[in-house]
There are 2 protein chains.
Amino acid sequence: MISEAMEDADRVLVDLGNRSYDILIGDRLVDRAGKEIAERFPGARAAIVSDETVASLYLEQLRNSLASAGVDSAAIIMPPGEKTKSFEHLMTVVDEILAARLERRDIVIALGGGVIGDLTGFAAGVVRRGMHFVQIPTTLLAQVDSSVGGKTGINSARGKNLIGVFHQPALVLADTSVLDTLSAREFRAGYAETAKYGLIDQPEFFAWLEGNWKDVFAGGEARRRAIATSCRAKAAVVAADERESGARALLNLGHTFGHALEAAVGYDSSRLVHGEGVAIGMVLAHQFSVRLNLASVDDARRVEAHLADVGLPTRLSDIPGDLPPPDRLLEHIAQDKKVERGRLTFILTKGVGQSFVAKDVPASEVELFLKEKYGQ
Amino acid sequence: MISEAMEDADRVLVDLGNRSYDILIGDRLVDRAGKEIAERFPGARAAIVSDETVASLYLEQLRNSLASAGVDSAAIIMPPGEKTKSFEHLMTVVDEILAARLERRDIVIALGGGVIGDLTGFAAGVVRRGMHFVQIPTTLLAQVDSSVGGKTGINSARGKNLIGVFHQPALVLADTSVLDTLSAREFRAGYAETAKYGLIDQPEFFAWLEGNWKDVFAGGEARRRAIATSCRAKAAVVAADERESGARALLNLGHTFGHALEAAVGYDSSRLVHGEGVAIGMVLAHQFSVRLNLASVDDARRVEAHLADVGLPTRLSDIPGDLPPPDRLLEHIAQDKKVERGRLTFILTKGVGQSFVAKDVPASEVELFLKEKYGQ
């Protein structure tokens, strides 16, 4: 991947041959969206998919930007929240894209967080067997993670993201100024994914975050740097392993536990949002690695301390309400898609920035570990 | 593509790099399915998707074949008919695949005609963002056309096949003996697609069919030759243009009119099945080409005569019941996905075996032509 400074945006190229695309990271990119899109898709029309919350803040701004660049647009507005990642809402979005009479060379734009991006990308991937897709992620989590890499999908009663397609965007516009309207809780949730890149294989980035996280939260240059670093890391992994057959699995650090916890609370975002599940999951992955004699207690404590510092939950007991028993949690883990022929696959670690894929983790070890954690 | 004789099956390779796959064509391949699958996917489990009609004939035979090769299988049975290509049935199939706890390396098998193949391929393409997929087509139409090439999908109220993905099978088993249980009407419908390959660019194959079609209908060597020739033709086009950006569009000869007619009768298969729509559509495409001074009247008459000989419908008036007015039919054509920026794309022809893609056909010409046809 390549990264270079533009007038007022960083540019990261996701290198996928003839399906390569740009991620632009900078202030006020929503206002520049029309220009960037019209340059890349001359003559195209657009359908914008957003949710009620984001639409009330940025839809008019985006449509004005598109209109002034000559791009005609239709808007499709969904309810906010994880429950929108359902078959029912997929049907609605697909039907409204068809109702807008978009043709194969027109574009579908996701304006929103991870839920809108995942749902919209899936819809764009299946209408006419694949339409051009532009991501305008409006949460930190979507900017540093879900908007890049082409994973799209919806949830099933049997698990999160079990249904979807790989459908790469043709452009990602990460407008760092829209993050000013995020709640502190949502910003922190996205920060968990940012910290993840440090924990996977960039110890120096994790150390930088430990020293500068308050500036990242405050906005400006440190925020842009954290987002661009995250996007570069993700772009490199995606370019190396688009379909998650190998190295891309590292991006799931904290996610096996995290997804199971999200399922365990019934995807109730008042109790746990995705990034919070990942934060607890990353701490658990480090503690589990300690238990398996892979990592040091000090490293696990350091990870927990930093995530707790920024205000993220780090323990099972930080989740409000009762959790189902450990064996039920293990069932959620077993149904998670990162299972191959009954063996449990986990991302484990030898310490900060030294994560690796472990394919033969015995379920019994996981269960013992979880029972221990429930006791604390 | 490569074609070679096996002990008792032809083999056609669809050359798509590391996603290449075999089409085997021969008698009693359902009985050999277990062996062929176990060799290619050691240790995998399977979900078989079929419809009530086909399942009553071949499901037990297939499951026995799988079981004797050590492949554990679950069965998912859909109602027969085009209406099964719906979001509702997609949801059911996806959910039952997940309920069977298949993992990413397991396989989903379509046992049935085009409807089951299209629906199952779509489901296999979206469960866990893509599972292995095996086609066991049980109609002539599916064997010579829909089972090869990776196009999957469902219908929308706004048009046929508007929702789907490209998801290549990993193996296609075309058992020529199962065609003995097809109704004459269904066999004829599939024959329309067989004749299409001659009309696209193989005039000698069309001439062979004119002389040998009764043997093709009777079974045995002529049938196998017709199917293998069709599969080779389709495999070559798919290998050259997997995503239908160019040459693959030729496979739509007769389909733009045909799809519009299917939509016009509300996908009522008692009035018109897909292959019948294609037969009428191919005749119309030749007649329209005559009107545009591209092809000779003799060629158009020759095509109509052969398709009428085998018992296929060739005129609008062959469709039982009333059709909507020509402008409504034109609307169906405009909503068809082979429209680019408002221009109508048609497959036209200079004569038998000389088809080509025309991208700028004026809608007004099509409407005049249709009005003329309605008058006949």
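The count begins at 1 with the first shown residue.
Glycine residues also receive a Cβ, built from the backbone N, Cα and C atoms like all the rest.
Those TrEMBL annotations? Automatic predictions, nothing curated.
Features as listed in TrEMBL:
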{"type": "DOMAIN", "residues": "A:76-188", "note": "domain '3-dehydroquinate synthase N-terminal'"}
{"type": "BINDING", "residues": "A:G114, A:V115, A:I116, A:G117, A:D118, A:T138, A:T139, A:K151, A:K160", "note": "NAD(+) binding site"}
{"type": "DOMAIN", "residues": "A:190-339", "note": "domain '3-dehydroquinate synthase C-terminal'"}
{"type": "BINDING", "residues": "A:E193, A:H255, A:H274", "note": "Zn(2+) binding site"}
Rounded Cα separation (Å) that holds between A:D118 (NAD(+) binding site) and A:H255 (Zn(2+) binding site): 16
Packing count at A:G114 (NAD(+) binding site) (other Cβ atoms within 10 Å of its Cβ): 25
Other C-beta atoms that fall within 10 angstroms of the C-beta of A:E193 (Zn(2+) binding site): 27
For the binding-site residues A:I116, A:K160, A:H274, the one whose C-beta sees the most other C-beta atoms within 10 angstroms: A:I116
Closest of A:E193, A:H255, A:H274 to A:G114 (NAD(+) binding site), Cα positions, binding-site residues only: A:H274
For A:T139 (NAD(+) binding site), the number of other Cβ atoms found within 10 Å of its own Cβ: 28
Helix, strand and coil residues within the domain '3-dehydroquinate synthase C-terminal' (A:190-339) as assigned by DSSP: 108 helix, 1 strand, 41 coil
Per-state residue totals over the domain '3-dehydroquinate synthase N-terminal' (A:76-188) - DSSP helix, strand, coil: 47 helix, 31 strand, 35 coil
Candidates A:E193, A:H255, A:H274 (binding-site residues) - the one closest to A:I116 (NAD(+) binding site) by CA: A:H274
For the Zn(2+) site built from A:E193, A:H255, A:H274, further residues of that chain with CB within 8 A of the site's CB center: A:L141, A:D145, A:A192, A:K196, A:G254, A:G258, A:G275, A:G277, A:V278, A:G281
